[in-house]
Amino acid sequence: MSDSCPVAHEGNTRSTSESENPAIPSPTPTAHRPRTNRDWWPNQPELSVLHAHSSKSNPMGENFDYTAEFAKLDVEALKRDVIDLMTDSQDWWPADFGHYGGLFIRMSWHAAGTYRIADGRGGGGQGAQRFAPLNSWPDNASLDKARRLLWPVKQKYGKQISWSDLLVFAGNCALESMGFKTFGFGFGREDIWEPEEIYWGPEDTWLGDERYSGDRDLSGPLGAVQMGLIYVNPEGPNGQPDPLAAARDIRETFGRMAMNDIETAALIAGGHTFGKTHGAGDADLVGPEPEAAPIEQQGLGWKSAYGTGVGKDAITSGLEVVWTPTPTKWDNSFLEVLYGYEWELTKSPAGAWQWTAKDGAGAGTIPDPFDSSAGRAPTMLTTDLSLRIDPAYEKITRRWLDHPEEFAEEFAKAWYKLLHRDMGPVTRYLGPWVPEAQLWQDPVPAVDHQLIGDSEIAALKGKILDSGLSISQLVSTAWASAATFRGTDMRGGANGARIRLAPQKDWEINSPAELSKVLQTLEQIQQDFNSSQSGGVKVSLADLIVLAGAAGVEKAAKNAGHDITVPFTPGRTDASQEQTDVESFAVLEPRADGFRNYLRPGEKLPAEALLVERAYMLNLTAPEMTVLIGGLRALNANFGQTGHGVFTDRPESLTNDFFVNLLDMGTVWKGAASAENVYEGSDRVTGDAKWTATAVDLVFGSNSQLRALAEVYATDDAQQKFVQDFVSAWDKVMNLDRFDLD
């Protein structure tokens, strides 16, 4: 993404990040350990991700209700305590300028800023910054101190405030304590108790950048330029001090966090209105990160041997920059300094590339963090100059120079978005400071009518089953609507009926022509029903789509000899196209959906691995994934109505035939010569063709763990259990976005 650097210089420092990180050549080598199955057979599906964060690792217990505990919290008292903390400087880590505001802004930013829109992973929603690898990323150096400074507050309020809420709330309080009016704040994040296994990049060294190919093309879904960074290298790409090339990196990485140019410029300029970076001396004097630090340091890392190691001697990034003359006050001084001087390339005391006002201009106008009688020259990062040199950023920031009120408004909105981007719809937010829903929160209208009851539900099911739509059509449409959900950032799902809107209605996986016919039929049923009702009772299309799926499952179960009722709770509403950001929703389009036997053409990753990824996004366990595959194959719900994996002679009957026939030793499988990613099953004795399948189907007979699950549902006495488990898993998926039911 960047051009070659036009500036010649001596070399690159290893100490680089968007804000701060020490020089660490590579992660600590692993100690000898027994080999795992994953080591021996790395290509097997990684099912452990479906069982992470179990109740066994949670000390709060299965019945802990964070919402109920939070309701007991005095949020105003909490806010006062956090703000008081800002100016309570501790000798073991003294506050720059007597105020921890800059440190806490950085902590909150880096907690939330790992979010990436491509797969919804990262973000501050679970307090993951407390654990490896994030707690030891080079870019998060010294944030261990920020979390320790917060401990007395956490200790005081206990289970009424989660770490994940507190880590991001502290930054909000920091801004307000320095005179900034924030846009709002929502609590409601719940803690995890073990590290998440997330693909952060292919590198095995800190600050490695093997993630690029071609003309600096960043591999998806990654959102940072180097391993261990949140966004970009503040010295420039790979330490090359080129502001224009750095702008390209900035635009790419912030865009992958769902920020546009205005939001990006606002966050950088707003965040750098406060505090400083730290590079008082040689970065090689900084000790190991928290996960590699000696046990006696009790989880604190990056202990420095330079001088006192703290305060005026602190080293974090190797950069030594104070951006403004008022680093503990909100004003427009960052932009005034940025545009008020011409800049020349210099080096910090640690040898990192940074910029200083030319010809000694402004000398003494910038305060020293610990000596009020001393003054400094204005300094900036390479990435700061990007806001002035890149034409698009320059147009935005130069306007703000003359219109500071616009800058303040844009920073407030961008900061709010940064802290909350991974939390899903506003209905999940808690507390008194939640503003109205924003477009990026995928809003849906409030229910403004009486909901359907049992009698209306029964009548609508009858209309649906008499409409001429097949079980396959009913089930496929309901699944397509609900299975857009991502548990990583709580986006997607059936609420809103966005399957009828752009972009979802046009996705290949949804078979647009077929989908249109189904939706037209359901919309007619909806209109006829709503026009015939009195007393304000109505049904939304979102509810009707899910109800239609339930009716289809019930009919299929009846076809197999089972009389069941699929749970259904009305209350969904229909979003409008104006409430739907097409570009933002585009990232939800599945590259694969093994539940419908869909694989995007040209996809390089194994289909079975993508199935596990889809199951993870749907918060499914391995048994739930297994029973859903078997049931959806029996219901003939494949993309394009292919017969792959439909191992039954009675499709649209909810039977366990998929498992019975998959495990039948009378079938021999081989790769199909006529189609990629397709297998053909033939009779072991006669050689007659029997079935076709994909890797998603066959993995349930090939993988030992999945085969064990398949065997449970293939036994002679498993039919009832299969139906019950399928209905339970189906209902779970249909309600993944029903946060109003929690």
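Note: Cβ is positioned from N, Cα and C throughout, glycine not excepted.
Residues or ranges marked as region 'Disordered' by Swiss-Prot: 1-42.
The site 'Transition state stabilizer' feature in Swiss-Prot is assigned to R106; the stated evidence is sequence analysis. Every protein chain considered, the tally of other Cβ atoms within 10 Å of the Cβ of R106 (site 'Transition state stabilizer') stands at 27. Under DSSP, R106 (site 'Transition state stabilizer') is assigned to a helix (H, G or I) in the three-state scheme.
Per Swiss-Prot, the feature active site, proton acceptor maps to H110.
In sequence order, W323, T324, F334, L381, D384 are the residues near H272 (heme b binding site), counting only same-chain partners six or more apart with C-beta under 8 A. The heme b binding site annotation in Swiss-Prot covers H272.
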Secondary-structure category, per DSSP, in which H272 (heme b binding site) falls: coil
